[in-house]
């Protein structure tokens, strides 16, 4: 038993030793030696730079990442890594990002590149093998981009995966296996999974619907039918509605010569059931039970139906092999990865990238998330809430200061417009009276001139 346990532990350690960490970056000392800032868009004045910081709130102020910090800029930075091929191996790519800004429109993704890259010219037009991460724009676009390159063409995932949009750190993980299946995890919780064959339009589908197929004429898709044994009894229509009363007796004084032939009065015939109808169920429970009753669902106009013994199910268009499909057993294999790059455009900057990992061991990636995110998320949340309190208090104080300034300005304008001056000297009186006299003199001159002209015209004199 002890030997078996030793062998088991050895096997587990052996498997762990086989796993390989291709690249891991936590932006500690020496990170500048591994990363090259691109000059893309710099000559146009549109290139942004990164700041090495833990941000305005963090569980550990010494745990720093790369932050975009100038609004409306293109950001591009890359690192060369040991060449990695995922042929016959699991590929695990993971990183963390925190949006400290109120991101309006911008990306938060990372790219893996296979071909040679001039890192000083790395930009949006640089070919890549894989792009992964959040992409946010307004209230409509809040998705996780998962784009795979195949034979020079980029294919986005067909599924909509929603990304996180709060202001805390989140880990994004992509796992690709040799059987072409994948998993997408956010904070160690699987959000989506599937296959490269079905969730990307990389290859034509292996199966397609037969558009020429038609439902067979003998296909019975009626699940319930009217009971064939529920037929009208023979002679049912000859049953009279009324019959002579069997208890009626001819009166003793009845004279047939005078009164005619005596006929007993008629009564309703108990055997008469009215026009024949198929059997109808009589329900004796409440309406809710009636609606949910499985029998009630199989009634038509109150007529009870039974299961159709010849029911073959709902006919569906059959699937056939797609003649255009050509399988690629190496669909999951990417060209050897040589570079990791961050290339985004952000209207509002403030995103912090950290904990970038490329390996072939999903367990190790999970341990990293547990070590960093699971352990620090509560402390980070508390730091964020404290920072928010300070920010809101500053905003409130700013509003009060601004409102006070407006009130002071309104009071000064009112005082200037309506209040008399603090003192009035003789020059003020002289100037004021002089202005009134001048105005009166000009008006009188104008009036007299007009009166003179009118009088001369009236007398017919030429001016």
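Positions of Cβ are set from backbone N, Cα and C atoms, glycine also.
Per TrEMBL, the feature compositional bias 'Basic and acidic residues' maps to 239-253. According to TrEMBL, the disulfide bond annotation covers 105-137. Summarising the annotation, TrEMBL assigns region 'Disordered' to 219-255. Per TrEMBL, the feature signal peptide maps to 1-19. Marked as transmembrane segment by TrEMBL: 432-453.
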Requested in this report: Quick one: give me the count of other CB atoms within 10 A of the CB of residue 105 (disulfide bond).
Outcome: 14
Report task. Count the other Cβ atoms sitting within 10 Å of the Cβ of residue 137 (disulfide bond), across every protein chain shown. Result -> 14
**Report entry** Counts of helix, strand and coil residues, the region 'Disordered' (219-255), according to DSSP
**Finding:** 3 helix, 6 strand, 28 coil
Requested in this report: Please state whether DSSP places residue 105 (disulfide bond) in a helix, a strand or coil.
Outcome: strand
